[in-house]
Amino acid sequence: MHPTLISAPISSSANDAHAGTSQGSHQGHRIQVIRRDGSSTPLNIGKIRAVVDWACLGLEVNSIALEAGLTTRLREGISTREIQDNLISCALEMCSPNEPDWRYVAGRLHVWSLWKDTLVRRGYQYGQYLRTVQTKVTNGEYDSRILTYSEGELQEAGCWINSDWDTDYDYAGAVLLTSRYLLPNELPQEALLTCALLLASVEAPDRRLQWARRFYESIAARRISLATPILANLRVPGGSLTSCFIVAMEDNLESIFGEITNAARISKNGGGVGVNVSRIRATGSWVMGKPNASGGVIPWTKLLNDTAIAVNQGGRRAGAVTVGLDVWHLDVPEFLEMQAENGDQRRKAYDIFPQLILPDEFMRRVINKEDWTLVDPYEVREKMGIELAELWGEQFEGAYREIESNLDTTITLYKRINARELFKQIMRTQVETGMPYLSFKDTINKANPNKHLGYIPGTNLCCESFSNVTPGQDAHCCNLVSLNLANLDLQDIAGVSQIAVRMLDNTIELTAPPFADAKSHNNKYRTIGVGAMGLADWLAKRRLNYDELADINRLFEEIGYWCTQSSMELAKERGAYPAFPGSDWQKGLLIGSKPVSWFQANAAKPERWEKLSNDIQTHGIRNSHITAIAPNTSSSLVQGCTASILPVYSRFFYDKWAKGTVPIAPPFIGNCFWFYPENKTMDQRKVVKAVAAIQQWTDTGISMELLFNLNAGIYFPEEPERSLNAKDIFDTLVMAWEAGCKAIYYIRTVQKDDFKDSSDGCVACAN
């Protein structure tokens, strides 16, 4: 990364570095500058030059150019804040693919402004951490659990703070960190240190400072990225630290409204939630014995939609809900039209994220162009005693064929449709809206280590986290962090994985679950999700291509092994998760419920996997699910790396923010420009192959977006007039299922005649 700075030119008083009493001139006369405290003083060009030199130190930029750009914007009565903003604007305007380091200059200047504002408001910057903690606990801003540490321990911890870490952010990262995550009068390293101390507060008193320092250094050096709920909520009283939830509705009012209430509680705390509605009776079904009385799943989905809008994550943004429906449900055709502009607006839900759950039997019929039967779960349940939503694999296939053999005799409410035609309708909706998400139910459940206690109905909001869900008993919940691969080498994986797993296991003790079913799941399964971001950076730094599957396999084997091994070591220390007896883990199966023989045949280091299997059978494992790769669209900007495990959309582009146009580029663009393949021109089959390779070493899921460029000549250079067609997209989606991917998140498209150069805004993957 970029070199850190030994010290910044910060004055000990609240005066600004842009102003002072020394002689300074501009255009032949002395300009008066308004300081942050409201006083006036002559402009001091020397101090401006010192700040500019500091912001440019060690970067491949010309500081004189920045100073020259500023001088044209100086005027009588200008404030030091305006000078600072003008410096930032100049730096951003000079940023380009040839000079990408200007975004780091702008980031440092933004942090400088934060330091100065904090000095003015509270009278000190870094150096008085104990005072900060005491003040914020008194004001109700910090959780009082931080005071389980003694004053001496807090003073010692304050000495770990390294303000140079603040200067490693580019402008996008600095702005996001300060605007989204910091409390009033709080500096970045204070926030990160407080998180680390709280994460370690559940450790043994004689070891917690040791762990707190390891946590802090991993977070502050951006080797581990905390998920938004942890970074935003851990410091505040009563915060939920959980990112992902899944609930399921029974076919009765008590369950339906109970889960809507639970979704509201989740949204209030900033989490995203998946809601499975497959048990709910279809449109035209019976209600209290009356035929053709049910309105189906759409009215309940609309209620969830409106709940997400009303309970807006503490005023930060609208809630986020994905509604999952099994593809055999009679309401699937209307579900696919639920976000179309035409039709009855009372049966529309534009703000939720639809998800379809697909069994293998459906996919086989799609490939073979066979018929598919849509049925009413209520009629099937009442007349045949089958709860179809709970079945998967061979059990589902047998029950489904039995249902089909009883059409017209027993089952009267149904619809026959060609499976291929239904899949085409799904694809059309995806191209138009990006959704529905697709969850491959059998693939997900075959890899479920807790089959002995239930099944997985679908995925969470981002399609990477899922485990058993039982309506009214257990609601899936998972706490997340991600490894920042841009800042890691292979030899770092073991140590950082141990820290990440331990951190997340501690969050289970610290979080405040928003409802009883979530607490029950937390206690029973202890599900966590260690993810990854910056794969594109890791590959580019090593001059590797995105289709270098052997290297990708080696990297994620290390992550999978060390995260699993770390959870086993925690079980030695703290005990196995309560649902471990009878699980696939106890039977000696490993990641994805695969036997040791698979690892002996496919792993780079097969012998360690056999030992790990034996150790887990002997000692247990602390967490039922351990790894899950989230999309990380925003948090990757704070981390200064590319999002998740996907290629970059574009090597360099400008994003439109409230603060103006912001340049976005990967960290190693200066030296590795051509080793960042652009997703907007990449054959998406390469993405599927890479995700499938990573999935082998990931026990939960991966947020896999697919981006299809519909312009001519992109994928077929030998046929410049040819553009992607429906069959190409169809083949890619089927390939994802066949390759063992568990879900497909968004389908993005670059529309015809809307193709942008790298320097233009990102039009296809804005989040």
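Note: Cβ is positioned from N, Cα and C throughout, glycine not excepted.
Marked as active site, proton acceptor by Swiss-Prot: Asn460 (among others). DSSP assigns Asn460 (active site, proton acceptor) to coil in the three-state reduction, outside any helix or strand. Around the Cβ of Asn460 (active site, proton acceptor), a 10 Å sphere holds 33 further Cβ atoms from the protein chains shown.
The annotation active site, proton acceptor is assigned in Swiss-Prot to Glu464 (among others). All protein chains shown were included, and the count of other CB atoms within 10 Å of the CB of Glu464 (active site, proton acceptor) stands at 29.
Taken from Swiss-Prot, the feature compositional bias 'Polar residues' covers 9-26.
According to Swiss-Prot, the feature domain 'ATP-cone' maps to 31-120. In the domain 'ATP-cone' (31-120), helix, strand and coil residues by DSSP number 55 helix, 8 strand, 27 coil.
Annotated region 'Disordered' per Swiss-Prot: 1-30, in sequence order.
Per-residue confidence over the domain 'ATP-cone' (31-120) averages out at a pLDDT of 90.
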